[in-house]
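First up is the structure itself, then whatever we jot down about it.
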Number of protein chains: 2
Amino acid sequence: MAKDKEKKTKDTLKNPKGTRDWSDQDSSLLNDIFHRIRTVLSRYATQLDTPVFELADVLKGKYGEDSKLIYDLADQGGEMLSLRYDLTVPFARWLAMHPEVREYKRFAIGKVYRRDQPAIAKGRMREFYQCDVDFAGSGSSTMWDSKIVAIVVEVFEALEWQGHYTIKLNHRKILDGIFEVCGVPEDKIRAISSAVDKLDKSPWEKVRTEMVETKGLDEAVADKIRTYVVQRGEKWEGSKQLLDTLKKDEALQANAKAKQGIDEMDVILRILEVLGAHRDISFDLCLARGLDYYTGIIYEVVTEGSAPATVNGGDAQQVQREGKSKKAKKDLKEDDDRSDDPSVGVGSVAAGGRYDNLVERFLPGSDMQCVGVSFGVDRIFSITKARIAQGQKFTYVSSTATDVYIMAFGGKDFSGMSAERLLIEQMLARAGLKVEYSAKERPKPQLQFKNSEKYGAKYAVILGEDEQARGEVRVKQLGLPDGHPEKEGVLVKMENLVSEVTVRIKGLAVTEQVKGLDVIE
Amino acid sequence: MAKDKEKKTKDTLKNPKGTRDWSDQDSSLLNDIFHRIRTVLSRYATQLDTPVFELADVLKGKYGEDSKLIYDLADQGGEMLSLRYDLTVPFARWLAMHPEVREYKRFAIGKVYRRDQPAIAKGRMREFYQCDVDFAGSGSSTMWDSKIVAIVVEVFEALEWQGHYTIKLNHRKILDGIFEVCGVPEDKIRAISSAVDKLDKSPWEKVRTEMVETKGLDEAVADKIRTYVVQRGEKWEGSKQLLDTLKKDEALQANAKAKQGIDEMDVILRILEVLGAHRDISFDLCLARGLDYYTGIIYEVVTEGSAPATVNGGDAQQVQREGKSKKAKKDLKEDDDRSDDPSVGVGSVAAGGRYDNLVERFLPGSDMQCVGVSFGVDRIFSITKARIAQGQKFTYVSSTATDVYIMAFGGKDFSGMSAERLLIEQMLARAGLKVEYSAKERPKPQLQFKNSEKYGAKYAVILGEDEQARGEVRVKQLGLPDGHPEKEGVLVKMENLVSEVTVRIKGLAVTEQVKGLDVIE
């Protein structure tokens with residue numbers, strides 16, 4: 001009986017499979033990241049927050065094979081509901097509900113739900129955060145295509161990832177044009193496109209086998225495709241060179257789709273250069289993206305730890321990258337990286353593109369065209385956390401360290417000096433300091449010193465009855481060596497406490513920084 | 001067939017019943033409110049974010065009759081899951097999962113789900129935001145009881161509600177002591193307590209009838225209860241007087257529970273006075289709170305528009321309050337006020353108390369004691385929005401007005417000056433200005449002027465080919481009268497654009513403020 005109860009308690013005491021709680025330092029870092037992303041996105045879009053569930057019909061038929069991963073709510077009488085699978089379809093539903101809105105730039109931050117086999121070690125979660133920005137309207141496609149890419153650059157610069165990421169770019173019209181030029185039959189184009197998308201994980205031979213044996217493509221056609229899709233423009237110079245090569249390709253120039261795609265890509269790259277957002281892009285013809293609904297530009301952001309195997313990359317490079325990635329994953333353990341999620345790509349930290357027909361599926365006749373990007377926030381979190389563990393500094397990461405521990409010695413008054421400790425906490429916390437104290441009414445001095453160590457507090461503020469009578473408290477830097485003139489702390493008038501403590505804490509911070517510099521030199 | 005399709009589209013094109021989308025100004029105001037609340041709570045607690053669903057067993061048996069309002073997920077194989085009903089039970093589950101944590105101060109912001117009959121006009125939603133702060137540990141109860149109340153004061157001050165709210169305070173031990181002293185049988189205490197809780201909506205006679213006829217209480221006992229529960233301490237002076245009255249009540253002082261409650265309330269009020277958080281509290285003996293699990297202090301925050309009928313209040317006052325409330329509700333229409341939610345109380349904007357036994361229900365033997373408060377953010381939003389509509393100013397509310405509309409006249413270059421417009425947008429948006437522009441590649445001048453009016457932009461930045469060749473743009477204040485010397489705008493060098501425009505926008509803001517003051521005088 002007692003055992004049964006214990007077992008039941010143990011069964012109940014867990015999160016649902018594939019979910020996590022965010023607490024303490026993880027919660028703090030996640031919020032710092034959200035704050036940076038939100039700051040950038042709110043410059044260019046307004047926030048839209050939709051319910052966590054939608055009518056089941058809204059999601060139905062939007063995700064192809066992945067529809068089986070949708071969480072349904074129980075039929076408790078009334079509407080049939082499902083948890084949202086992404087933030088894109090709810091946005092399209094909202095646009096269709098507001099046909100009077102002719103143009104809309106929105107961002108959204110929220111959790112999405114996928115009833116996939118979770119792989120927590122690999123970071124594939126059933127509940128995870130997405131952060132999207134999407135522009136909808138019927139204006140110039142190249143203007144907004146460029147703008148979304150520029151926003152991606154601005155976000156990763158705000159996250160201080162400069163030099164650590166690459167935005168892979170491609171264009172569906174160029175890809176489709178290439179397939180037509182190579183002689184892929186119309187009805188095989190999407191299937192062959194899916195196969196090409198695997199080139200970042202699989203060697204050409206394997207992809208070729210899929211094309212020829214599984215998908216019934218002519219061998220000569222497959223080999224012709226290879227001559228195109230192995231072309232990748234490394235960084236800006238390489239991207240421009242690749243574009244020039246395509247501009248000179250007479251076969252492509254004679255194909256209407258390819259020509260349109262190349263012309264658009266030309267304008268997009270030139271706009272990105274004007275915006276200073278061109279340095280970390282790589283025009284990559286083997287990027288195809290999983291989802292069917294893209295109609296124009298597509299992109300995917302990768303970083304160290306994303307571990308993309310490359311169609312061109314040598315084996316050594318590939319092994320080295322995979323080795324790195326394995327280590328990073330081991331360090332992260334329970335964090336999310338969604339690396340096996342086919343809709344996001346292997347380890348990409350952001351991905352998206354242009355999708356011009358989604359709103360029309362809700363509102364026949366609508367001409368709303370969309371382009372957007374989704375940031376994989378859990379993945380960005382995990383990589384940033386791993387880099388911090390490796391010693392990298394990020395200016396926006398908040399400290400969770402305790403600045404001050406408040407102690408009371410004595411306390412025969414009505415509250416054991418609880419009131420005074422709370423008052424001092426309130427004064428210091430409002431000044432932006434992290435403060436702790438014992439929640440006991442009359443805590444023993446020894447316990448308070450032990451706790452101040454546990455919290456790693458830099459200073460103690462000590463209340464005593466005699467000092468209180470004179471309107472004073474003692475401010476004591478913790479961890480000073482014996483014999484230091486301020487070892488026993490200094491007496492401070494209550495009215496000067498906030499300024500005295502903040503000056504000391506800030507002074508201490510400067511000293512530590514200088515010390516740190518000494519060590520580096 | 002076409003009709004069928006249309007009907008289907010219409011059925012699908014809606015939010016689930018009892019939910020809403022947050023967009024535009026509403027989304028902006030909601031975020032401003034969250035930002036203020038989060039700033040205060042993060043001074044004293046760390047954020048904990050739990051999944052939106054829990055194992056069904058975690059929620060089972062925690063909400064009494066309201067358990068029928070829980071949303072269950074469909075059985076798709078695997079665990080049985082339910083959407084969270086509040087943020088308190090997930091916190092208790094987390095504490096029980098982490099028995100090594102002996103003390104924890106957490107806040108949480110998230111949506112919760114109640115499958116209630118929605119009343120959108122009244123603001124009872126099925127999905128709504130809660131924002132909670134709870135302290136768990138086994139320290140001094142009066143210290144943390146006071147601290148949570150002080151946090152409530154700090155939040156409403158941060159929201160600039162000074163003078164517009166009252167924190168009603170009571171103590172379960174005092175209430176239970178009163179019931180014992182009056183002769184309520186042990187097994188009727190919770191039922192009679194529930195009846196007393198209705199005194200803010202119902203007249204005494206109705207509550208008395210419920211006690212005597214429905215709940216079988218002796219008439220003399222009911223009448224004796226009345227002598228206590230009509231006592232309310234209006235504001236600080238009244239609260240102190242009521243406490244003094246109870247201290248002198250020999251019957252209560254002879255009852256162990258009542259005496260303990262009165263002693264605790266004495267310390268709590270004295271601590272609140274030291275913290276300067278005493279001015280807007282009202283010690284109110286008829287506040288009982290719906291939930292069974294409270295064990296000590298209880299509180300509820302009401303405001304104008306909360307429309308509480310009072311046991312003492314005259315009819316005129318009551319009618320006046322209801323009239324006000326009806327008007328406010330009509331203004332708000334679709335907003336949430338949860339006014340009929342019995343667990344929150346009629347129109348309270350925050351509520352909570354001490355609950356010492358909840359963690360033990362997950363982890364037998366645990367001595368974790370908790371006290372906390374839940375802010376009804378949707379309700380706070382609705383009331384703030386109504387006050388803004390009535391002309392009240394809040395310093396923290398962000399403007400969603402457009403500062404600058406960027407125009408291009410001409411644009412024979414590769415992008416129709418798209419690149420330059422995006423560059424100027426990027427410069428001005430990074431400087432904190434709200435910027436709009438046409439998304440068309442070569443928009444007609446007339447359309448651009450029309451749109452700048454639609455957005456209510458204060459300034460236009462105009463790109464022209466001649467000016468561009470000289471590295472200049474035109475900055476034009478919109479809406480100037482004919483004949484004004486700057487009617488046609490001024491030419492500004494690109495490198496000075498950001499400073500010129502921000503100075504002008506800030507200058508304009510000052511001018512408008514001064515004009516506003518003139519009107520008032």
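Note that Cβ sites are derived from N, Cα and C of the backbone, with glycine treated the same way.
Look at TrEMBL and you will find B:1-23 (among others) tagged as region 'Disordered'.
For B:19-320, the entry in TrEMBL reads domain 'Class II Histidinyl-tRNA synthetase (HisRS)-like catalytic core'.
Counting Cβ atoms from all protein chains shown, B:Asp86 (L-histidine binding site) has 21 others lying within 10 Å of its own Cβ. Residues annotated as L-histidine binding site in TrEMBL: B:Asp86, B:Leu87, B:Thr88, B:Arg114, B:Gln130, B:Asp134, B:Arg289, B:Tyr293, B:Tyr294.
Residues or ranges marked as region 'Disordered' by TrEMBL: B:310-348 (among others).
Among the features that TrEMBL reports, compositional bias 'Basic and acidic residues' is placed at B:321-336.
Taken as a whole, the domain 'Anticodon-binding' (B:404-501) shows an average pLDDT of 93 in this prediction. Residues or ranges marked as domain 'Anticodon-binding' in TrEMBL: B:404-501.
For the recorded site, B:Gln130 (L-histidine binding site), the DSSP three-state label reads strand.
Contact annotation for chain A: of the listed binding-site residues (B:Asp86, B:Thr88, B:Gln130, B:Arg289, B:Tyr294), none places its CB atom under 8 A from a CB atom of that chain. Under the DSSP three-state reduction, B:Thr88 (L-histidine binding site) is assigned to helix.
With respect to Cβ neighbours within 10 Å, the binding-site residues B:Thr88, B:Gln130, B:Arg289, B:Tyr294 differ, and B:Gln130 shows the lowest count. Site extent for L-histidine: the farthest pair of Cα atoms among B:Asp86, B:Leu87, B:Thr88, B:Arg114, B:Gln130, B:Asp134, B:Arg289, B:Tyr293, B:Tyr294 sits 21 Å apart. In the domain 'Anticodon-binding' (B:404-501), helix, strand and coil residues by DSSP number 36 helix, 25 strand, 37 coil. B:Arg289 (L-histidine binding site) carries neither a helix nor a strand DSSP state and counts as coil.
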